[in-house]
Structures are given as structure tokens and as C-alpha cells.
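Here's what Swiss-Prot has on this protein:
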BINDING   193, 194, 195, 196, 313, 337, 525, 586  CoA binding site
BINDING   389, 390, 391, 413, 414, 415, 416, 417, 418, 502, 517, 528  ATP binding site
BINDING   539, 541, 544  Mg(2+) binding site
MOD_RES   611  N6-acetyllysine
């Protein structure tokens with residue numbers, strides 16, 4: 001493929017940025033040379049009840065037999081008071097949450113003082129239900145301000161929140177509740193998303209009807225739509241009734257830096273849910289610091305992260321990072337392309353959004369609809385734009401840059417994981433020139449390496465497995481209740497290294513390009529080929545909206561290349577177009593990457609967060625369609641039936 005264009009740092013950004021290129025180089029070197037001193041200084045960005053000692057800043061070992069990750073270990077603090085109380089004196093009247101409903105006519109605002117009051121009240125509600133420090137509280141909520149209230153209320157009293165994305169099934173709820181032995185669930189009657197209601201309370205009822213769920217005493221229900229829902233007297237409690245007249249005085253619990261803050265279950269494709277455990281001190285320092293520097297956040301800016309609170313992005317970059325920094329956060333209940341693709345631009349203009357953080361899935365969906373939907377979009381307020389969730393293909397990057405950013409907003413293409421707590425590799429807007437499709441360089445204190453299959457570190461411009469050689473404060477501490485699984489999953493593949501599970505290549509400028517999950521590598525005739533590269537080539541064709549590529553058993557090559565292709569709305573599928581796309585990929589990458597089979601797909605199997613579930617695609621491509629496994633986490637399970645019916649590899 002043609003070498004990507006480099007987009008220099010805009011001078012109007014670098015002139016006023018927190019971090020310019022020289023500062024980045026100096027700080028990064030200091031963070032690697034002496035992490036204890038570096039993080040000892042950075043830890044001061046949040047408030048501590050008992051300050052940590054310099055000798056306790058970093059106590060970490062990546063040895064799978066002696067695995068331990070501790071940061072600021074003797075310090076004490078409270079995450080809720082860092083997100084709320086410390087802003088009250090100077091910024092109590094500042095807007096903390098700007099909320100827009102699925103229907104744009106519904107708007108709410110909460111100042112930091114109002115948010116603080118509600119959090120303290122709800123913390124007292126939880127205490128009255130017998131919730132104490134260390135208890136796990138499950139949240140299954142719509143995207144409303146009360147979701148943030150409930151999270152911060154848990155943190156205030158030292159309870160550990162476990163947020164389940166509002167699209168997950170009763171089975172998913174049950175397995176997570178059982179694993180965390182949760183006594184209390186917080187939910188709503190219904191959620192609203194893209195004009196449809198989501199039966200949250202009904203799903204909770206179904207989950208709790210399973211004989212295996214015996215730990216839950218109470219379900220607190222917020223009225224979102226006012227729908228009639230089944231009510232179990234004694235167990236089910238009304239949010240508004242509980243909040244009426246309750247005291248707003250609730251001192252924050254003193255927590256050790258290594259006390260758990262939250263659990264977040266990753267929806268692994270197989271096996272039991274994996275409870276990723278994050279603790280209080282290191283996580284909060286890292287979330288606040290990455291939010292400030294990666295987005296070059298300035299006081300009084302409006303910041304919009306389109307992620308749902310049920311994902312790590314919602315935790316780190318809609319709640320904890322922004323609120324620790326005293327930001328004004330836009331929260332949107334629905335999806336930013338409903339009722340029309342113009343919605344994203346309308347929200348940006350209506351609320352004068354300065355920083356936008358969204359996912360490639362949404363960008364590609366908007367791209368497929370056509371840029372004419374943004375003809376009336378001003379975008380004057382936008383300064384920084386971000387991308388999260390998966391590698392963004394260069395074509396979508398350029399579209400985002402031109403149509404949404406009007407070619408003047410730097411794009412921070414951020415790479416990180418639920419397990420990392422915060423962003424690990426990303427441009428800093430005032431410091432690092434960007435290349436479409438590259439996450440560029442590591443954040444401070446982050447020590448990436450590329451290794452071969454034996455764990456040998458590769459230098460220079462190479463491709464291989466992405467690992468981290470040292471810890472950072474936001475790193476997960478364990479898999480809840482299963483430390484052996486933590487060691488096995490992340491530290492046993494490559495000795496003394498954290499294995500991300502992703503492949504990457506590093507170019508001659510030292511920039512990192514994420515090539516996708518290592519299990520998304522196809523071995524064609526002995527040559528390794530990243531699926532992301534083939535997908536990017538396909539999507540670069542003007543008639544392709546989205547593509548997913550997997551390997552399938554091939555009699556001659558070992559693995560062949562099977563592409564699922566969604567066309568833009570006015571394109572017609574044909575055999576001629578199929579051949580054109582094969583030649584297109586051949587020209588873009590080389591003969592080796594030519595897809596063997598191209599299946600037209602009206603939709604792809606995605607989770608509700610927009611991640612493509614490739615295990616289904618791999619099985620369909622391999623003609624293994626009798627036992628596909630659980631599809632309850634898919635946004636639209638019917639997509640699977642359509643793909644099976646039109647599969648190309650039937651024997």
C-alpha cells in the first residue's frame with residue numbers, strides 16, 4: 001500500500017498544548033529512566049488523605065510465579081471526593097453533566113454541587129440497604145446521569161461497583177452477579193436507545209429467577225420511562241422514594257490505594273466471565289492524567305465521549321478521568337446516528353463540544369451514509385477528536401478528519417484495553433504528528449515491545465506480538481477471585497512481560513500500528529497477514545462501507561482469506577464488483593492478500609458496543625454452523641442466520 005501521509009501537529013494546537021514535542025521526549029525518557037520518581041510526582045495530581053511514601057510508589061513484578069502490581073501502596077484517598085468534593089469551593093456551580101436524551105427534546109444539567117448532593121444522598125441510600133465497604137454492587141443502567149451518581153456513590157462508601165452494559169442478556173447478568181456475590185442491583189424500568197425501549201427491569205427479573213442466583217437482597221429501580229414493570233414487594237425498591245428526604249451528608253470513606261474501586265467483566269468469547277479488577281489510587285491517577293494530556297483538556301471545555309458507561313471507556317473517560325479533572329461531560333442517552341446520521345453534528349453544535357471521543361464503528365457507519373448529512377454542520381467548537389475501541393482504518397481516519405474535523409482537529413487514535421485501565425499508546429495533540437491508522441507512540445511510563453513467537457524482543461521496523469515490559473498505575477490487579485487465571489492469561493505466554501493479545505508493527509519512525517488480535521492473523525501459505533490490513537484495503541474502495549476478514553481452512557494454502565463485505569447504501573452487489581474488489585486488494589497490498597471468498601453482508605455480528613464478534617465469522621467461513629455458541633451479547637442476533645444462509649463455503 002502507499003505509505004501513509006503524515007499530518008503535522010497544527011501550530012495553533014502546539015502553541016497552547018500542555019505537552020509539546022520536546023516536553024514529550026523529556027517526560028517520556030524520565031518516566032522510563034526513573035518510574036518511581038516520575039509517578040511519585042504525578043501522583044500529586046489527585047488529593048490524598050494519607051500521602052503515599054516515595055518508597056511505596058511502585059512495587060510491581062511481572063514474574064508469573066510471583067505476580068504483584070501495587071502503586072502508591074501506603075497512600076489513602078477516596079475516588080468520589082477526588083471527582084466531586086475538591087471542585088466544590090472553586091467550581092461548585094460549574095456544569096458537571098450536560099445530558100441529552102435519545103429524544104433531543106429531553107435535556108438535563110447537573111452542576112458539580114448538585115452531582116455531589118445526589119451522590120451523597122444515594123450513598124446514604126446504599127448504606128441504609130446494608131451495603132458496606134468491600135461489598136460488590138451491580139449496576140445495569142441506561143445512559144442517564146443516575147448511572148454516574150450510582151458509581152460515585154459506591155466509590156464514596158468503599159463499595160465496589162460492577163457495571164453491566166444495558167444490552168446484555170439475563171444470562172450475562174446472572175453469571176456476573178453470581179461471580180461477584182452481589183447483594184444489591186441498581187437498574188431502571190427501561191432504557192431508551194435509537195427510539196426503542198430496552199426492558200432492563202424485566203431482564204434483571206429474569207436473571208434473578210434463575211435458581212443459581214441466591215445472593216441478591218434488593219433491586220433499586222429508577223423510573224426512566226414510567227413503564228409498568230413487575231414488582232416484588234420487599235425486594236424491589238423505588239429510587240425516587242428512597243432518595244426522598246435522605247440526608248446529603250455522607251463523609252467519604254478512607255480507602256487504601258490498593259482497595260478495589262470496580263469490577264468490569266470482559267465478554268470473552270468463551271469460558272466464564274472474566275472480572276477485571278481495578279483499584280483506587282493508581283487507576284485514578286492514570287485516568288486523570290491520560291484524560292488531561294491525551295485530549296489536551298483545558299478548563300471550561302465541553303468533552304463528549306460517546307461510549308456507554310458499561311464499558312471501560314465509559315468508566316475511565318466519561319466518569320473518573322473527566323470528573324477528577326473537573327470537566328464538563330456531555331452524556332448522550334442514545335446513539336449518535338439516530339434519528340438521522342446528522343445527529344452527531346447537531347449534538348456537537350448544540351452543546352459547543354470541544355473534544356469528541358468516539359469509535360471507528362460509528363465513523364464507518366456515518367461514512368456509509370454519506371457526507372451530505374453534515375452539510376449544515378458547523379463544527380466550529382471542535383478542537384480535538386479521538387478514536388477508541390479498535391484500529392481505525394486510514395480511509396475512515398481521513399473521512400473523520402475532513403468531514404467532522406474540517407481538517408483542523410488533530411485525531412488521537414488511542415490504543416488500550418479494559419485490562420489497562422487507561423490509554424497506553426496514542427498521539428498527544430500538541431506533540432506527535434499523526435499517520436492515519438497508527439496509534440503512534442507510547443504514553444508516559446508505558447514500555448511497549450514487539451516480540452516474536454519465542455518472546456525474543458525485536459528491534460527497529462518489525463511486526464510481531466505487542467507486549468509491555470513494565471507496569472503502569474492504571475493496570476488491572478487481578479481477575480476477581482482467580483489470580484491464577486490472571487497470571488495464565490497475561491503473563492505466561494512471554495516470560496516477564498504483559499501480553500496484550502494484540503499484534504503490532506513498528507515503522508521506521510518508531511510509530512506503532514495495531515494489526516488486530518493475534519488470533520486475527522491469517523497464515524496464508526506460510527505468510528502471516530493481519531486481518532486489519534486486508535479490511536483497511538477493502539474499506540478504502542468507494543463502494544465498501546465495512547469489511548470483516550477471517551481465515552478459513554484452505555486445501556492448498558492452509559488458510560484462505562474470507563471477506564464479509566457491507567456495501568455503501570447506493571452500491572449494488574454483483575460478481576463484477578466482487579472481482580473488482582479482489583483486484584483492488586491485490587493492488588493495494590499484494591497478490592498474497594487477495595481474498596479467496598467475498599460474501600456480501602447486509603450486517604455484521606456486533607456486540608452492542610460495536611465490536612465485531614469474529615468467532616462467529618470464523619465458524620461460518622469454516623462451514624461449522626451447527627454449534628456457534630452463545631449469541632446473547634450481539635446487538636442483532638438475526639444477522640447470524642442471514643450470514644449462514646448466504647455463506648460461500650458450503651460443502
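Keep in mind that glycine also has a Cβ here, set from the backbone N, Cα and C atoms.
Close to the recorded Mg(2+) site, the chain also has 395, 537, 538, 540, 542, 543, 545, 547, 565, 581, 584: residues not among 539, 541, 544 whose Cβ is within 8 Å of the site's Cβ mean position. Between the CA atoms of residue 418 (ATP binding site) and residue 195 (CoA binding site) there is a gap of 29 Å. In the structure as shown, the Cβ atom of residue 541 (Mg(2+) binding site) sits within 10 Å of 20 other Cβ atoms. Around residue 418 (ATP binding site), a 10 Å sphere centred on its CB holds 18 further CB atoms from the protein chains shown. The two recorded residues, residue 541 (Mg(2+) binding site) and residue 389 (ATP binding site), show a Cα separation of 23 Å.
In the structure shown, across all protein chains, 414 is the one of the binding-site residues 337, 414 with the greatest number of other Cβ atoms within 10 Å.
Nearest in space to residue 586 (CoA binding site), taking C-alpha to C-alpha distance over the recorded positions 389, 539, 544, 611, is 539. Counting every protein chain shown, 15 other Cβ atoms lie within 10 Å of the Cβ of residue 586 (CoA binding site). For residue 539 (Mg(2+) binding site), other Cβ atoms within 10 Å of its Cβ number 23. Residues within less than 8 Å, Cβ to Cβ, of residue 416 (ATP binding site) and separated from it by at least 6 positions along the same chain comprise 388, 422, 423, 424, 425, 426. In this structure, the CA atom of residue 544 (Mg(2+) binding site) is 18 Å away from the CA atom of the residue listed as 'N6-acetyllysine'. In sequence order, 102, 142, 166, 167, 333, 334, 335 are the residues of the chain that are 6 or more apart from residue 193 (CoA binding site) and have a CB within less than 8 Å of its CB. Of all the recorded positions listed here (196, 517, 611), it is 196 whose C-beta has the fewest other C-beta atoms within 10 angstroms. Looking at residue 539 (Mg(2+) binding site) and residue 391 (ATP binding site), their Cα atoms lie 13 Å from each other. Here the candidates are the recorded positions 195, 196, 611. The one whose C-alpha lies nearest to that of residue 389 (ATP binding site) is 611.
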